[in-house]
Amino acid sequence: MDSTLPSGPAVRIEGLDKRYGSFHALRKVNLSVERGERIVICGPSGSGKSTLIRCINRLEEHEGGRITVLGTELNDDVGNIDGIRREVGMVFQHFNLFPHMTVLENCMIAPMIVRKRPRAEAETTARRFLAKVRIPEQAMKFPGQLSGGQQQRVAIARALCMQPQIMLFDEPTSALDPEMIAEVLDVMVTLAAEGMTMICVTHEMGFARRVADRVIFMDGGEIVEEAPPEEFFTSSRNERTRQFLSQVLGH
Amino acid sequence: MEMVVVAPPAPSRLEDLKRRFFATPLQALLSLISLTIMAFIVWKLLDWAVFSAVFTTTGGPEACQAAAGACWSVIAARWRIILFGLYPFEEQWRSALACVSVVVMTVLSCIPAFWTGRRIALIWGAGTGLYYVLMKGGVLGLPYVGEEAWGGLALTLFIFVTTCLIGFPLAICLALLRRSDLPWISRTTGLIIDGVRSLPLISILFTFAVVLPFALPQWLQGDKLYRVILGSALFFSAYQAEIVRGGMQGVPAGQEEAAMALGMSYWQRIGRIVLPQAMRNALPATINQFVISFKETSLVVIVGFFEILASGNAAYGTGEWRFAYVEVYAFIAFIYFIFVFSLSRYGAYLERRMAVGER
C-alpha cells in the first residue's frame, strides 16, 4: 500500500446523528474501522444499518457528529466528498449497473472520467477485475443480458476498478435468487482474504462467521452489540441480539 | 418413450389470406366490397394525379384548366416561388444551396459517429454559418439579400433547425433547473415553463416580433427573424423541458447514487448516466415534439414571413393559376411529408438502436 497515506483508522465515526423528519434513524453512533478490518453489520430492517454505511460516502448527509474517512473529515466541502468517494467503493442491493453501457464500459467509465486514466489502461484494469470476479467472457454484453449474480459481480468489479481502499457492501445478496448468492459471497471472501477494508451490511451469517473481524448488531438506530464472530454467535449478551439471531439462524 | 415433435406445416401465404379474409361467405362478401372500394379510390387518385394530369407548361393555364386530371403545370411554372419565396430570382441558387447545407448538417448530426461535442459543434457551426453567408451575402462577391426577402423552403428549414438548436439545450437547462434542490430555483423555473406553455405560440411570436422592439434598446433588437426564432425556441423548450424531466423521472435513483459512489461530479453524472437514459425514455415524445415544431413553423406568416406554406399561397394567388390550389397544396404537403416522415423513421431507428441492452 501507498506509504504516504495518513495513519489512523480507515473510518472513524463519532456521535453520528441522523433524522428523516420525525424518524430518528441514527442515534449517537460511534464506530471505528481499522485498515484491513472486515466488519459485518446486521440488524432488523429499519435499524439504520444501511443509513450508517451510506453516510460513510455521503449518499446520506449526517446532521450531528463527525465522520473521518482515511484521515479526511466529511463535511460540506465538495472536494473532500469527491476525494473520499474516489477511495471508497460501494456495492448496492440492486446492483445499479448502468444499463446503457456494456459490462466493460461500466467498469471503465469511472477510472477514465474520474481518475483520468487513459482508455487502454482503464480497459486493461477492467478486464483484470472482470477476470477476478470470474466473468471475463461477459465483457461485451449489456447488464440486462446477465443473471442477477453475474450483475452483482460486475458491480463489484466496477467498484474495484477505481482501486478503492475501502469497500462498502449494502445488502449485496438480498436481491438475488438463492442459487446465485454463493457466487457473489465467494468473490467477497476472496476480496477479504486479500486484505481489503470491508464494511458489509448483510444477513449472511455464514459469511460473517467466516470472514468478519467484528460483527455489529444495530437496532433502533443504535449499535446494540459488537463482538468478534465466535463470541457474537455463541455468547451475545443482549436480549435483542439473541432474539434477532434466533430469527435469522432459526431455520 | 421417445417423443416425436411434429411442427404444423407453416401456412402458405395464400392459405393465410384465405383464413383471414374469406373464412365465411359473409366475411368474403365484406372483403370483396372493401377491396372494390379501395381499388376505386386508388384508381380515381391515380387517374387524377397521373393519367389525366397535365405536366407541361406548353399549353398555359387555359389548357391545363380544361384537363380532367391534376394540373401539375402550376408546379412547373411556380416551383421557384414555392421553394424560395420572394428571394431575388437570379440569386435563388444560393437559397437552394442554403437548403442543402441545412439538410446535410441535419443528416450528419443524426449519425452516431458524429456524436462528440467537438464534431457536433463543428457541423452545426459550419452548417448554420454557411446558410447565413449564402442567404445574406454581402461578402465574397455575393449581393446582399436582407432577411425580409428570405422565404419558402429555405426559411422553413432555417426556422425549424435553429428553433431546435437553441430550444433543445435550453430545454435540458430548464429541466435540470426544475429538478434543483433549491426550492426558489425549481419553483421559478416551473413558473416560467408553465407560463410559456399557457400561452399560444402565435401570441409569443407576435410579442417577440412586434412588442419586444418597444421594450429593448436598439442594439439588442436584432432582425425580426432572429427575435421570432428566439420566441419559437422558447416555446419549444418549455414543452421539451417537461419531456426531458419526465424522462429523468424514469431513471431510477440508484443510477445517480452509483455514479456518486464512483466519485463522478454533478455534470459527469448528468451527462454520462442520467441524460442518456432519460433521453432514451423521452425519445418517442421528443420526436413528436420535433414533428409538431416543424409544422408549426408555418405560423410565422402571422408576423410577415413567407415560409413554404405562405409562398405556396402566393404561387397560385396570382390570377392565372388561381384554380390550381389543390395541386399546390398537394405539392407542399408532399414536401412536408418527406421531412416529417424522415424524422419519424429516424426516431424509429434511434429507438431500435437504443433498445440494445434492454432486457
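Don't overthink the numbers, they just go from 1 along the chain as shown.
Every residue gets a Cβ built from N, Cα and C, even glycine.
These features come from TrEMBL:
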type: TRANSMEM; residues: B:21-43; note: transmembrane segment
type: TRANSMEM; residues: B:93-115; note: transmembrane segment
type: TRANSMEM; residues: B:122-144; note: transmembrane segment
type: TRANSMEM; residues: B:150-177; note: transmembrane segment
type: DOMAIN; residues: B:153-344; note: domain 'ABC transmembrane type-1'
type: TRANSMEM; residues: B:198-219; note: transmembrane segment
type: TRANSMEM; residues: B:323-344; note: transmembrane segment
Inset, instruction - Give residue numbers and ranges for long-range contacts of the transmembrane segment (B:150-177): same chain, 6 or more residues beyond its ends, CB-CB under 8 A. - result: 81-87, 95-96, 98-99, 102-103, 105-106, 124, 127-128, 131, 135, 185-186, 189, 192-193, 225, 228-230, 232-245, 248, 270, 275, 290, 293-294, 297-298, 300, 305-311, 335
Inset, instruction - Could you pull out which residues elsewhere in the chain have a CB under 8 Å from any CB of the transmembrane segment (B:122-144), counting only those six or more residues past its ends? - result: 88, 91, 94-95, 97-98, 101-102, 104-106, 108-109, 114, 150, 154, 158, 161-162, 165
Legend entry - Contact set, same chain, for the transmembrane segment (B:323-344): CB under 8 Å, 6 or more residues outside the stretch: 49, 61, 64-65, 70-75, 78-79, 82, 153, 287, 290-291, 294-295, 308-309, 312, 315-316
